[in-house]
Every structure is written in structure tokens, then in C-alpha cells.
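Participant: One structure, pasted below without further comment.
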Ligand SMILES: NC(=O)c1ccc[n+]([C@@H]2O[C@H](COP(=O)([O-])OP(=O)(O)OC[C@H]3O[C@@H](n4cnc5c(N)ncnc54)[C@H](OP(=O)(O)O)[C@@H]3O)[C@@H](O)[C@H]2O)c1
């Protein structure tokens, strides 16, 4: 049984139908043991099918889902998680995240964090956490349920949005960070600074972006629909960026936020 969050996972945002089935099936085949989905992705059933088809033992796989904002209201979170489990064909999630804080904090953080803790106590999920929380909202979540109940804060992190304030606060509270969209949806491949570092290390730019995140202690959850890219994104062992590489990538920060849905995004730090 995996006791902590595996540091490389497979993202499934945007992937639907046979595309997500193939991505997850191939991902498991080439060695991914951590799959990231969400209620709103509309692909939990397909992810569940791919997991079942893979024949992998349940205790070898780490599966995350995320609670959509419509299910944060009292009485809705637990039934929605049971529905996710049914679609995923699992008895228990490894990790369940609050996908986005309730818009305009309409539902208080303490209320849905309590419901999430209740879901964990009922055995529906092994670990719980949050995503897209501001530091103020993370502080409220900690006040409500304690930092130990927050296994990770999953936020957008790549070389163009390094999210330093959020990382620093999470670290100060002893909370692990997961970097979502770690390839900036493919844009890192085109960045000359990253391309040059990749050439020096004789790897590809995606591997540099992922190694950069891992080296800071984050988990990464890149997605891909191609076997070659899936394999590439897993092969990070032995890539050690120098202090100079890290310093050069640090200069690429430009607050370029790719996931910023209007009406949903909180007042970012
Ligand atoms: N919590 C949240 O609110 C939230 C928000 C966004 C995302 N996420 C999670 O984070 C995951 C990752 O984010 P993302 O999927 O949006 O973006 P991403 O992983 O940064 O980038 C995926 C894109 O990069 C391409 N790619 C992957 N590996 C590559 C490689 N080695 N070389 C060249 N291109 C490569 C993929 O194309 P190919 O298919 O052609 O390989 C795809 O277009 C999501 O799937 C989701 O699970 C969470």
C-alpha cells in the first residue's frame, strides 16, 4: 500500500472517452502508479474502466479525485464521493481533494472541510486535501480540521507561474504541494532557456520542467495522450539540475496563469 503521494502522477483533465481509456491504460502499462481525475472531468467511469482493464492490484495504484463545487453544500459531498467511487469501480479513493474553494466563499471552508473529514472517517478516502486554495483559505482549512488532514495543496505550478507565496505558506505549515499543469500545457517545450538546459543534460524540455518541480519537493501530474511522451515524463531519475539551472528557470516567472476560470477562481495570492 502506498502510504504517501507518489511524486509522479498521470493527469486526465480534458481527456474523454476512448482517449482517456487509452492514456490511463498505456500510462499504467509504462509504469504510472498515480492517476489524477476529478468529478468535473466527466471521465471517472472511463478512468475506472482503464484501471479495471489493466488488471493492476488495487494496492499498487494511487487514485485521486476532486469534489466539484456543486457538491460542497452540506449533505452533498459524501453522496457525490460515493458516486465517484461507483464510477471508478473502487471501494476507496487514495486521495480526495476539494477541487476549488466555494466561489466567493459562499459555503464556508470549515463546513466542506468537515464534510471531507467525515468522508475520510467513513473510509471513503484514505487521504484528503485541497486544490486552488489561497493562503487565507488554506489557513481556514487548517483551523477547521488541522494540517494533518491536508495531505497536499494541488496548485498550478510551472516555470512561468512559480506560485512562490503559496508554496512558502504551504511549506511553513508542513503541507505538501502538488504541481498541476507542470508542462504549462506543452509551452515549456518552446522556452529557449529550458531547451538549452535540456540539451546540456541530453534530455527533453518536458523532463527539465518536471525535474525542476520534483527538485523543489512537489509531486507532478503531467498528462499525455502519447505513449512516447508518457514514457518520457516518467524517466526523471538521475536528472539533477544544477544551482545555475535552477536560478535560470527561476527567472522565467511571469505570473502566467493558465487555469483561471472566471467566476470560479479565488483572489489569488
Ligand atoms: N486542480 C486543478 O484545478 C487542475 C487544473 C488543471 C489541471 N489539473 C491536473 O493537472 C494535469 C496536468 O495538466 P494539463 O493536462 O492541463 O497540462 P500539462 O500536463 O502541463 O500538459 C499537457 C500537454 O503537454 C503535452 N505533453 C505532455 N508530455 C509531453 C512531452 N513529453 N513532450 C511534448 N509535449 C508533451 C500533451 O500533449 P500530448 O497529449 O500530445 O502528449 C498535452 O498537450 C491535468 O491533466 C489534471 O489532472 C488540475
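Cβ atoms here come from the backbone N, Cα and C positions, even for glycine.
Pasting the feature list from TrEMBL:
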- 41: active site, proton donor (ACT_SITE)
- 99: substrate binding site (BINDING)
- 8-252: domain 'NADP-dependent oxidoreductase' (DOMAIN)
- 66: site 'Lowers pKa of active site Tyr' (SITE)
Participant: Out of 66, 99, which of the recorded positions is least crowded by other Cβ atoms within 10 Å?
Facilitator: 99
Participant: Which of the three DSSP-derived classes (helix, strand, coil) applies to residue 99 (substrate binding site)?
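Facilitator: For residue 99 (substrate binding site) - judged by DSSP and reduced to three states - the answer is coil.
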Participant: Translate the DSSP assignment of residue 41 (active site, proton donor) into the three-state scheme.
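Facilitator: The residue in question, residue 41 (active site, proton donor), is helix (DSSP, three-state).
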Participant: Which whole-number mean pLDDT does the model give the domain 'NADP-dependent oxidoreductase' (8-252)?
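Facilitator: 98, rounded to a whole number.
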Participant: In whole Å, note down how far the CA of residue 66 (site 'Lowers pKa of active site Tyr') lies from the CA of residue 99 (substrate binding site).
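Facilitator: Cα-Cα, rounded: 5 Å.
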Participant: Relative to the Cβ position of residue 41 (active site, proton donor), how many further Cβ atoms are located within 10 Å?
Facilitator: 21
Participant: Taking only the Cα atoms, work out how far residue 41 (active site, proton donor) lies from residue 66 (site 'Lowers pKa of active site Tyr'), in Å, as a whole number.
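Facilitator: Rounded to a whole number, the Cα-Cα distance is 9 Å.
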